[in-house]
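Here is the structure we will look at.
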Amino acid sequence: MKIFSAAQVREADAYTIEHLPITSLQLMEKAAIQCTQWLETRYSQGYSFHIFCGAGNNGGDGLAITRLLRQLGYEATAYLLQYTDQFSTDNRANQAALHSQETAAIITLQPGDKFPALPEHAILVDAIFGTGMSRPLLGFLAETVQQLNALKDRYTIVSIDLPSGMLADESTKDLLSVQAHHTLSFEVYKLAFLLPENASRTGEVHILPIGLHKDYITQTPTRYELADTALIQSIYKPRQPFSHKGTYGHVLLIAGSYGKLGAAVLSAQACLHAGVGLLTVYVPEAGYNIIQLAAPAAMCLVDDNPQQSVQFHEAVTADGAGKYKTIAIGPGLGTSGDTARAFKKLLQRYRSPMVIDADALNILAAEKQLLDLVPPHSLLTPHPKEFERLFGPSANDVERLEKLAAAARERQLYILLKGRYTAIAGPDGAVYFNATGNAGMATGGSGDVLTGILAGILAQGYAPKDAMVLGAWLHGLAGDLGAAASSQEALLASDMVQYIGKAYQEIAGYATLQHPSKNL
Ligand SMILES: NC(=O)C1=CN([C@@H]2O[C@H](COP(=O)(O)OP(=O)(O)OC[C@H]3O[C@@H](n4cnc5c(N)ncnc54)[C@H](OP(=O)(O)O)[C@@H]3O)[C@@H](O)[C@H]2O)[C@H](O)CC1
Ligand SMILES: [K+]
């Protein structure tokens, strides 16, 4: 699903009006019908609706919603904020339509007016600004938004299109905006909804279709995209009936140190469940029995050092060629000087894309010139702190995304920035967001599972970008299935491993299941 900027949303609006037999007022009506239906299904009897309207088309939506709710028999009042007398044409038309239906349905709010008294079961609808928001809220507008926010613990606040004050595709971190419980937005996600800094302002986001022209949506390139089931199914390749373990690649996983061998176990198990053909796990001596018992399907190579691996570069021939389709390095590895030196030698020898995570990222961050040695098209999987250590601090989430895209482009890498909506950037500068996953996955070992999954998928022959997008989705879906079976609180990284199979099943769909019983 593409993520359009505010300017592109306006273009989509104009394109639709030009190419379909629909006027802008009719499009507004469609948007208002969708919002009204959503409100009605959710709140029905006993509630009254209080709709705060601006002077533009977002306010026009609010006025139309008020009219439609009243037609359905609900108590609904529009509060028209008098900060300007420059109303948009469709806003005026909806003022007139509501006024002709019921003169008392519109109350104007002037600077200095008392904030309206609200009954017990009131729903507050914020239709002050949407995608036209262009500058900080000041004076009367700021006061009104502050008054709305002060009521957020007593009443439900529903924002139309965007919480007023929030910019669709720039940071609003330090600016005032409505803090909504729900945001009803039209047709497409906005970048703002995917930013951690906006989590307490958008509440739950609901995307409502309003019939924007499909041609504009399919033909317009965007910088950002939210992965969806259609994209995942287009990436996923079912296994071939005439294949063998060599078909699905051999991964060398370099992970674990004394006290952190669990990281190696989780990565190894995830890599195996992700479908790799062969897996060799490289651990310090202390890890030998652990790996052989916890991951019997994997082979094990052992470092001479009992506690931390320091010679793993020797597992790869001096010219880098050899049996490993890909290498994953980092989970629980440790960052001692000897380990860092071995990592440098490995980077000098092995020139195919690697998956680099955790302590391997910390080694890169401590010795930044090593970044120049990372094989092109490698997959880096930092969390925000690791990202900051590698590529520097960012003033806000939008700046961090720009840094992410720039680093991926300049260094020809695939970088996966972990978060609620994990962001994946590649050398072409495009950014994909992943929507699967839940807060239960914020737990130790979750990242190790992701590393294993990514390596396992990459080794099977997926292109790096596809491996990243599919791997992030699979990891999140396994976490969602695991949490559904128990709870987010109880979810462990090992549960994510156990649910990789079910997650694949969901992606493949039953139609593609290769099993003779399907014809019985
Ligand atoms: N996307 C669609 O296809 C549809 C969208 N709809 C709704 O329309 C709004 C966008 O409406 P628009 O009129 O473009 O913008 P707003 O209502 O958000 O804002 C109106 C004007 O307010 C001015 N502005 C901006 N920021 C401030 C501020 N801080 N203080 C005061 N005034 C401000 C600005 O005008 P300027 O010329 O002064 O810059 C805005 O233009 C969209 O969000 C949907 O809700 C349709 O109803 C359906 C189709
Ligand atoms: K709004």
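Glycine too: its Cβ is placed from the backbone N, Cα and C atoms.
Quick look at what TrEMBL lists:
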DOMAIN    9-218  domain 'YjeF N-terminal'
BINDING   57-61, 130-136, Asp161, Ala263, Gly332, His383, Asp448  (6S)-NADPHX binding site
BINDING   Asn58, Asp126, Ser164  K(+) binding site
DOMAIN    228-507  domain 'YjeF C-terminal'
BINDING   Lys418, Gly419, Arg420, Tyr421, Thr422, Gly447  AMP binding site
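A straight line from the CA of Lys418 (AMP binding site) to the CA of Asn57 ((6S)-NADPHX binding site) spans 36 Å.
With a cut-off of under 6 Å between the Cβ and any atom of ligand 2, the binding-site residues Asn58, Ser134, Ser164, His383, Gly419, Arg420 reduce to Asn58, Ser164. For the binding-site residues Asn57, Asp126, Thr131, Ser164, His383, a Cα-Cα cutoff of 10 angstroms around Gly447 (AMP binding site) retains His383. Looking at Asp126, Asp161, the binding-site residues in this record, the fewest other C-beta atoms within 10 angstroms of the C-beta turn up around Asp161. Other than the site residues Asn58, Asp126, Ser164, same-chain residues with C-beta atoms no more than 8 angstroms from the centre of those residues' C-beta atoms, the K(+) site, are Phe52, Gly54, Gly59, Gly62, Ala127, Ile128, Phe129, Gly130, Ser159, Ile160, Asp161, Leu162, Pro163, Gly165, Val178. A distance of 21 Å separates the Cα atom of Asp161 ((6S)-NADPHX binding site) from that of Arg420 (AMP binding site). Counted within 10 Å of its Cβ, the other Cβ atoms near Arg420 (AMP binding site) come to 17, all protein chains included.
When Cβ neighbours within 10 Å are tallied across all protein chains shown, the highest count among the binding-site residues His383, Lys418 belongs to Lys418. Counting every protein chain shown, the number of other Cβ atoms lying within 10 Å of the Cβ of Thr422 (AMP binding site) is 26. Ligand 1 lies under 6 Å from the Cβ of Thr131, out of the binding-site residues Thr131, Ser164, His383, Tyr421, Gly447.
Under DSSP, Asn57 ((6S)-NADPHX binding site) is assigned to a helix (H, G or I) in the three-state scheme. When the Cα atoms are compared, Thr131 ((6S)-NADPHX binding site) and Ser164 (K(+) binding site) turn out to be 9 Å apart. When Cβ atoms from all protein chains are considered, those within 10 Å of Gly447 (AMP binding site) total 24, not counting its own.
Taking the C-alpha atom of Gly419 (AMP binding site) as reference, the shortest distance to any of the binding-site residues Asn57, Ser134, Ser164 belongs to Ser164.
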